[in-house]
Amino acid sequence: DRYRGEGEIGGSQGLGQLFLRSLLFLLLAGPPAPRPAGGQLRYAVPEELEHGAFVANLGEDLGLDLSTLSARRFRIVSRAGARQHLEVNLENGILFVNERIDREEVCEAGGTCLLHLQLLVESPLELYRVEVEVLDINDHAPTFPWQEYVLEVAESAVLGARFPLESAQDPDVGTNSVRTYRLSPNGFFSLEVQTRSDTSKFAELVLERTLDREQQRTHRLLLTAFDGGVPERSGTAHILVTVLDANDNVPVFDQPSYGVSLPEDAPAGTLVIQLNATDLDEGPNGEIEYSFSGHAPLRVRELFHIEPQSGQVLLKGPLDYERTSLHELYVQAKDRGPSAVAVHCRVLVHLLDVNDNAPEVTLTSVSTPVLEDAPPGTVIAVISVLDRDSGDNGRVSCEVSPDVPFELRSSFRNYYTLVTTQALDREVVPEYNISITARDMGSPALLTRSTLTVPVSDVNDNAPRFLQPSYSVYVMENNAPGASICSVSALDPDCQQNAYLSYSIADGHIHGMPVGTYVSINSDSGHMYALRSLDYEQIRSFQIQVQAQDAGFPPLSANVTVHIFVLDQNDNAPVIVSPMPRNGSVATELVPRSARPGYLVGTVSAVDADAGLNSRLSYQLLQATDFTLFSMAPDTGELRTLRSFLEQDATRQRLVVQVRDGGQPALSATMSLLLSVVETMPQTFSDFSEFSLPAEPSSSSPLTLYLLVSLGSISFTFLLAILILTAIRCPATCLDMPGGGPPGYCYKVCLGPESAQSDFMFLKPCSPPRNNEKDSGKQSQPGQHLQVSKQVTLRASVLPDPQQVPPALSFSLCYAFPRE
């Protein structure tokens, strides 16, 4: 017995009642032995089996060597998108259930349900056809569309009158479908079971006893439908019979049954048939309404429509001959009288097959690409064609274009193998696009064209080629280490491993450092990554060499240059270089009270290490003791007066200046400026903002010499002036007394390498308080001296070379003036 062990389900435990019934079915009936059907094997398997259920031992039945099944790629060939219900185990050649099969889903129409399998084994190529019949099991019970029906019967109905009842529906087929109906015992009606042309069953009530509405107006019956499965399943529905007053006449159809033919491609709205029923009554009792009988199948109601008044049967949905070739319609007619009684007729709609299905072509690639030295007769692919039409409309021929070195050879009906007819030369034709045409025999004929691409393999005779002769990459500075900066790509016209490329970076140095410390590359994809954060202020551009090498033997390679440009980012805030704060973050300046509008108080200077817009600076006055006094030029940083000083203006003006660059987002720096308003400016260096060093000194030595000579001369002049004034104005004893000396002002000037503008000025008494002043909180007495000091610092930024800046120089000047 070729099927010993059938029913053994690997890995299935705890199966439900449904599977137990399927197993019982197998044990009792036993599957039929495989038998050839036109050169093919045929098996049977019940539906709803679990995954892994045994179907057949294909390796044994086909006489294949089980040890070579895997090497020869033994497999089931399916159409694209088709569900794989069955699968083959390559270790033992057993055909098993891959996924649960629902017969009602796989085969919607009744009759035999077959799964057509195409088995393929290579080296050498062999093709087998197998049919697996899916056997129905009784997994559905009959059901009625409604649980209760109302049937109206006139009390004048004659004995033997028949009343069709609603049919029960059971998706199962054969003996598992509806087999019979039974009616609950009663004294007025009996039940007769009728058979349709498609062997389905329906029931009719037969009146056995005269009805009397005065005695009993309603009758309740129970209708039960039974299928023929094992075990038997059933479904019930309640029938309410309402007895109506007698009606003189009932409608009568021209004939009890009608037949009509209709092409399957008929559009919606097509007239199928015109029904005609007559009623001898007049008025409402003679007006007839048409409708489907209660036992008309649901599928019929979806496809057809009946006009209630005219009796026209119209097409409502699309027809499909390949799904169902015959539709059976049950129509009833009744008048509008108070005691209307329905009469019934049957309409058989035969569908005519139309060539509305083009052939379907399925390509199964076997050995592509093909070697250019492959001998003639080498199998390239297996091709199957299918046409769902019938007769000549379903017969198909298949051919390829004549201008290619390939041909089709038929092995089974509607199955072909594509083979080579001559030697191939890849240097002449590297790839073939084979057009396959399948044409049916219908009128007019329908055809389908499908293209199979067959590449020809080669040797490694082509070097990689980059898509661009060079690459230019722009990277924003301050990038994150490890960030992707660009991607290079190369192509190789070869195929397989000869076209597999790996990327690398050639050895080199960037600013004395190995190039591998700056960038890396993904050897497979060509993506390049920065290994360090780049700084525009340190490096603005560099270039590297990237190599692409294939995996052929011997390997071939190509190089490309990648230019990397670093883009500036606004990562440096402005730095205020003038005036330089000397007291924390506050710079000071003197302003004469007599200054007129537009007087240049000083210039704020700043620098920014960035470039472009990021280094374009703008100046703004953020805060001021009095905004009406001063204004600032946004471009140059010049601070000027807006009006003249008034008596009530404060003598100390505090300003806050902001310097902002043009980057996004903008960076800024602020400084505080303290302005002292004085009555008169010193004659010498009255405005230190006007003091500047030569723009481009040639060397540090002349500059130092000039400063020393100038300071020495000034010091000598002031010292001589002090001695002369002291000798003339003051007695000798005045010099020893703290308050006896002549009142005056003392100026202190400091020059250094950091600034070319004055930083601050301040006023202080020239001599300490007198010893006889007991109250330290009193104000200075008339005659007390005031000392004015001014410090000037030279900044290194004004010199061409910071190494040429001389050491800081300073001097003090003191003048004595009597206080008012």
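Cβ atoms are placed via backbone N, Cα and C, with glycine included.
No curator has checked TrEMBL annotations; they are predicted automatically.
Residues or ranges marked as signal peptide by TrEMBL: 1-29. Summarising the annotation, TrEMBL assigns domain 'Cadherin' to 65-144, 145-253, 254-361, 362-466, 467-576, 591-699. According to TrEMBL, the transmembrane segment annotation covers 703-728. Annotated region 'Disordered' per TrEMBL: 769-788, in sequence order. Under the heading compositional bias 'Polar residues', TrEMBL lists 778-788.
Among 254-361, 362-466, 467-576, 362-466 has the largest number of CB pairs under 8 A with the domain 'Cadherin' (65-144). Within the domain 'Cadherin' (467-576), the DSSP-based counts of helix, strand and coil residues read 7 helix, 52 strand, 51 coil. Secondary structure of the domain 'Cadherin' (65-144) per DSSP (helix as H, G, I; strand as E, B; remaining residues coil): 7 helix, 29 strand, 44 coil. The predicted model assigns the domain 'Cadherin' (65-144) a mean pLDDT of 85.
Sorting the domain 'Cadherin' (254-361) by DSSP state (H, G, I as helix; E, B as strand; all else coil) yields 10 helix, 47 strand, 51 coil.
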